[in-house]
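> Structure incoming, see below.
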Amino acid sequence: MEGGLADGEPDRTSLLGDSKDVLGPSTVVANSDESQLLTPGKMSQRQGKEAYPTPTKDLHQPSLSPASPHSQGFERGKEDISQNKDESSLSMSKSKSESKLYNGSEKDSSTSSKLTKKESLKVQKKNYREEKKRATKELLSTITDPSVIVMADWLKIRGTLKSWTKLWCVLKPGVLLIYKTQKNGQWVGTVLLNACEIIERPSKKDGFCFKLFHPLEQSIWAVKGPKGEAVGSITQPLPSSYLIIRATSESDGRCWMDALELALKCSSLLKRTMIREGKEHDLSVSSDSTHVTFYGLLRANNLHSGDNFQLNDSEIERQHFKDQDMYSDKSDKENDQEHDESDNEVMGKSEESDTDTSERQDDSYIEPEPVEPLKETTYTEQSHEELGEAGEASQTETVSEENKSLIWTLLKQVRPGMDLSKVVLPTFILEPRSFLDKLSDYYYHADFLSEAALEENPYFRLKKVVKWYLSGFYKKPKGLKKPYNPILGETFRCLWIHPRTNSKTFYIAEQVSHHPPISAFYVSNRKDGFCLSGSILAKSKFYGNSLSAILEGEARLTFLNRGEDYVMTMPYAHCKGILYGTMTLELGGTVNITCQKTGYSAILEFKLKPFLGSSDCVNQISGKLKLGKEVLATLEGHWDSEVFITDKKTDNSEVFWNPTPDIKQWRLIRHTVKFEEQGDFESEKLWQRVTRAINAKDQTEATQEKYVLEEAQRQAARDRKTKNEEWSCKLFELDPLTGEWHYKFADTRPWDPLNDMIQFEKDGVIQTKVKHRTPMVSVPKMKHKPTRQQKKVAKGYSSPEPDIQDSSGSEAQSVKPSTRRKKGIELGDIQSSIESIKQTQEEIKRNIMALRNHLVSSTPATDYFLQQKDYFIIFLLILLQVIINFMFK
């Protein structure tokens, strides 16, 4: 045996020498012929398992004594060396017939089938699969067994947004389990240590910081939890390929690093050294005592100097895992670079282990199953697009005499200040598309947001956001037109393809309320790193000769890689010249674009044309770019043509935005859902007859078809009221605490180029096809109160969707919207808090009244007389005012 080993294998030799304390005088099954196979760096996995001594059930290693660190198990004596040589000589005397390839199963040596050259490849594959299943079973046993704990303590872990969270970490052989609480009930995630590296990380904060990472930036997370959990507890998002961890002190941190390094080796050493030939040891040490003993060893190793006290990894391993069942990580993941040099040299790589890495994500499949084709919505390129001319020409319209009579009839039904949302408007002023479609005009230049997401300077990032915001206004219909009021439950879907980044920007909108009319929308491009959501309440006010369409609400733009939210509002549309003059449509109002995280903001003012203004005064806009209260730059120009920016420090002015013909030519092309795949409540199919009549200039037919849709909506509302039912939205849900509408299937994780493959949409649900399924957690946005938390389910796709088949063969999981806010504060608790506040206010009010009465009773008589005098004077003044009014009436 010793002759077969290379000179560069001292660790392997010491490991066999140390095994005497634990294993006793067991016989090693090897011979002189087999020793020929032990090359300096290569040896098959099965040969390595035969080379290891087999422990017996009746021999145990004595427990360590804290008072004698150099006791048995940490120092090899001369007797141990001599006995080890005797064992080696016995193993060398074995006949050649006793040495066979190990078949990977746990059957008894007397009944196990030995692989021979004549055995077929089918039998070898069967043994290979059984070995994989056995390794999986051992790993699950290690994770679920409460007695196997290498180390457990509270640690602070830094999330994706660079904020720290205190979590309970339990270290087991090959895995690191992370929980929210010490009771191990709220599982957050499981880190697979077999492919991880550990490095100390400098930090300005107190404590000891180190990093656990994958050298190739692959995912370090397991698919499921120790009890089969598919989704972890709600916490801040954690990185996919690394973890930055901070311990309270340097000694604790180095203790954790030593424990993690040992756990990395345990993932492969356990499988090789703890194989039983039909027998398993009974547990002899409880979990508590095992944990304390091991923790003490690691702490002693950090407190003592290296010259006086050094621990051998294999000795610590045997001390902690002595007399326990077989625990190992998956056999398909043993090619970890963190393993010992001795392990790599002795065990080597076989032909089978070279192919195991491709199957490490799911060992439950015996044969790789074919990947199902991606099921996504079919989109077609938009054939026609109307772009209005710049200036006042495209915003004015001369009304015919026939239409004027309709306007006068309409004006008789309204009065100044009245809300026109419930008034049925004539069809000649309708633009042949829905308001949900109209809201998508802002994303033909979504590539500006792709550039902004990559911009490192926050000021330049704000400038790109403002530039994108202005790019959504120059597209306007010719004349004075108003889009359709969406029907309750109406939806609209479209997308834009980015040729530069090969990504897609998806737009989803739904009419979530009819009275009041609220439209919710969601835009997502995870690959380019941004998403946008919001809701708009449309109101109309009549002022006699003019009316205004007010868009209440806000949109929230989020850069996923930075955790920044840009909150922006909308201008209002103002139409004048209804009774006299030319009917003209303009934009007015003040728009705010604010990023609370960076402190940068923009203020844009859309100006209406003055009464005596010229044509140059139409569509004017001015604005400021600010950092806090400091103005960095100003904007001036026209929102449908040139806009200039002037830097306040240098006073230099340049063109900020100008929709030239070249810009319009390179705008992104919109793709809409194929008409045959649209649902009955999608905008294009729902309003198709009205649109056809308007395009044919048949106002009578358009009015009739519009009435049919509106009457069907009213009848449906009456039916729901009769049945005492409430309307349930398909794609959006209302947050009762913030009053905001949110997309049910929103995925705000940063794009992982190593795991995320493609983003797609099916039936209104935006999803991401991933290579490997990983647990996905979500954190509430900063704008929300800390009560809104959303749980997501990660199956084959990163966004949960009912009735969607996993592309890798796993079953889809149905998600109910009601389960997304289990962590939110109950409304009953809020009501009880309000009642408590009311009671406190009543008590304060009673105390104030009592104090006031006391002051009045102690007031001197002169003050009382003056008060009566004042009342008398006030009475005379009021009487005089009444007399004067009566005389001049």
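Backbone N, Cα and C atoms are what each Cβ position is placed from, and that goes for glycine too.
Among the features that Swiss-Prot reports, 1,2-diacyl-sn-glycero-3-phospho-L-serine binding site is placed at Leu420, Ser421, Lys422, Val423, Val424, Leu425, Asn485, Ser540. For 28-46, 62-71, 805-817, the entry in Swiss-Prot reads compositional bias 'Polar residues'. According to Swiss-Prot, the compositional bias 'Basic and acidic residues' annotation covers 73-88, 95-109, 116-129, 322-336, 346-363. The domain 'PH' feature in Swiss-Prot is assigned to 148-265. Marked as N-acetylmethionine by Swiss-Prot: Met1. Residues or ranges marked as transmembrane segment by Swiss-Prot: 871-888.
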> Asn485 (1,2-diacyl-sn-glycero-3-phospho-L-serine binding site) has how many other Cβ neighbours within 10 Å of its own Cβ?
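Summing over all protein chains shown, Asn485 (1,2-diacyl-sn-glycero-3-phospho-L-serine binding site) has 21 other Cβ atoms within 10 Å.
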> Have a look around Ser540 (1,2-diacyl-sn-glycero-3-phospho-L-serine binding site) and count the other CB atoms within 10 A of its CB, chains all included.
21
> Taking DSSP three-state, what's Asn485 (1,2-diacyl-sn-glycero-3-phospho-L-serine binding site) in: helix, strand or coil?
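The residue in question, Asn485 (1,2-diacyl-sn-glycero-3-phospho-L-serine binding site), is coil (DSSP, three-state).
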> Reported in the order helix, strand, coil, what are the DSSP residue counts of the domain 'PH' (148-265)?
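Result for the domain 'PH' (148-265), in helix, strand, coil order: 19 helix, 45 strand, 54 coil.
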> If you average per-residue pLDDT over the domain 'PH' (148-265), what number do you get?
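Per the prediction, mean pLDDT sits at 85 for the domain 'PH' (148-265).
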